[in-house]
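Participant: Before I ask anything, here is the structure I am working with.
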Amino acid sequence: MQTYLLSQQFNAGSLAENSTACPANATICNGTSCVLPEDNFNENLSVILSTVLTIMLALVMFSMGCNVELKKFLAHVKRPWGIFVGFLCQFGIMPLTAFLLSLAFNVLPIQAVVVLIMGCCPGGTASNIIAYWVDGDMDLSISMTTCSTLLAMGMMPLCLFIYTKMWTDSDAIVLPYDSIGISLVALVIPVSFGIYVKHRWPSKAKTILKIGSILGAILIVIIAVVGGILYKGSWIISPKLWIIGTIFPAAGYSLGFFLARVAGLSWHRCRTVSLETGMQNTQLCSTIVQLSFTPEQLELMFTFPLIYSIFQLLFALLILGAYRVYRRHRVKTKTDVEKTGEKENSKSTSSHAKTNGGFVPNETK
């Protein structure tokens, strides 16, 4: 049966002036009240955009796979020290940080639960895109994302069981294993095709990678804009959640980098682990929240995954900007050193030529 929404009362004076004051799509018009069909704009927009974004994401992950060398990828799997460090960050640091932030800000139990759900989610695929832009280890990035999504099948229930006891029964939280499985398939299949292209046609893989990196940047912006459109009516929530949504991703990036450095990983792998730790699968968190709570409960915390998503993106862009400035400065400094060295070599060569009757070695000509 089609549901209906009762529109606002029309002004009696305007009705007298204009007998067609009721909207054209009103099914019942009685006196000053009209009954309108339910507006499914957001629902239809969500379905269309989800389809488009899924296709774009598959293309982006295919292009990211074109930067992965099979031998290096398998080396990470055979010697999974980097993956293990990422595992500790993903399912050790993040849930614990979520727990401590919830305690520190003394949020409502239902709000604490959504913060914990976010902390227990696996890494998001956006981390692979940013890792490429900061010259991270793409083989490690993709293997970490794949492994965290796979391990989430068991680690999410365990972490939620441990940390949500003081606020709610963990059995009340519905974990969408089908969504986790879909995320895993959507990651593994395009990346596998990309690795195959890299192996067979390395030159074509470079072109695909450049296009995919640009497409990935566009995808991140679209996701942020779409979130603002779909959830524009849900922004009035507790200021505490806004603060947590700001601190949480920053803590994830910082602690992930610190732990990776303590574990002895190289700088480019530290950047990779940092991004994999701070960037969570916010879409999965939103799905879990919608499946687990009533509409009344959703009003208190439904927007938190989007808040986290916005700030994790902002901090990732700051990391990217800082790295680009650093790299430009380092290259410039290195160039100046090389030029200074060349001048010194030229002077020594000239001096050597004078003392040897003008003889100059062939390699300096």
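Yeah, the Cβs are placed from backbone N, Cα and C, and that goes for glycine too.
Pulled these features from TrEMBL for this protein:
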TRANSMEM  45-63  transmembrane segment
TRANSMEM  83-105  transmembrane segment
TRANSMEM  112-134  transmembrane segment
TRANSMEM  140-163  transmembrane segment
TRANSMEM  175-196  transmembrane segment
TRANSMEM  208-229  transmembrane segment
TRANSMEM  241-260  transmembrane segment
TRANSMEM  306-326  transmembrane segment
REGION    334-365  region 'Disordered'
COMPBIAS  334-346  compositional bias 'Basic and acidic residues'
Participant: Counting only residues 6+ away from its ends, which parts of the chain sit with a Cβ under 8 Å from the transmembrane segment (140-163)?
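Facilitator: Residues 64-65, 68, 73, 76-77, 80, 82-83, 86-87, 90-91, 95-96, 98-99, 116-117, 119-125, 127-128, 131-132, 170, 173, 175, 177, 180, 183-184, 187-188, 191, 269, 272-273, 275-276, 281 contact the transmembrane segment (140-163) from elsewhere in the chain.
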Participant: With Cβ-Cβ distances below 8 Å as the criterion, list the same-chain residues six or more beyond the ends of the transmembrane segment (83-105) that contact it, or say none.
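Facilitator: Contacts of the transmembrane segment (83-105) (Cβ under 8 Å, skipping residues fewer than 6 from its ends): 76-77, 111-112, 115-116, 118-120, 122-123, 140, 143-144, 147-148, 151, 155, 159, 162-163, 167, 240, 243-244, 247-248, 251-252, 255-256, 259-260, 263, 265, 273, 276-277, 280.
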Participant: Should anything in the same chain at least six residues away from the transmembrane segment (112-134) have a Cβ under 8 Å from its Cβ atoms, list it; otherwise answer none.
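Facilitator: The answer is 57, 60-61, 64, 67, 86, 90-91, 94-99, 101-102, 141-142, 144-145, 148-149, 151-152, 155-156, 159-160, 163-164, 167-168, 173, 180, 183, 187, 209, 213, 216-217, 219-220, 223, 241, 244, 248, 271-272, 275-285, 288-289, 301, 304-305, 308, 313, 316, 319-320, 323.
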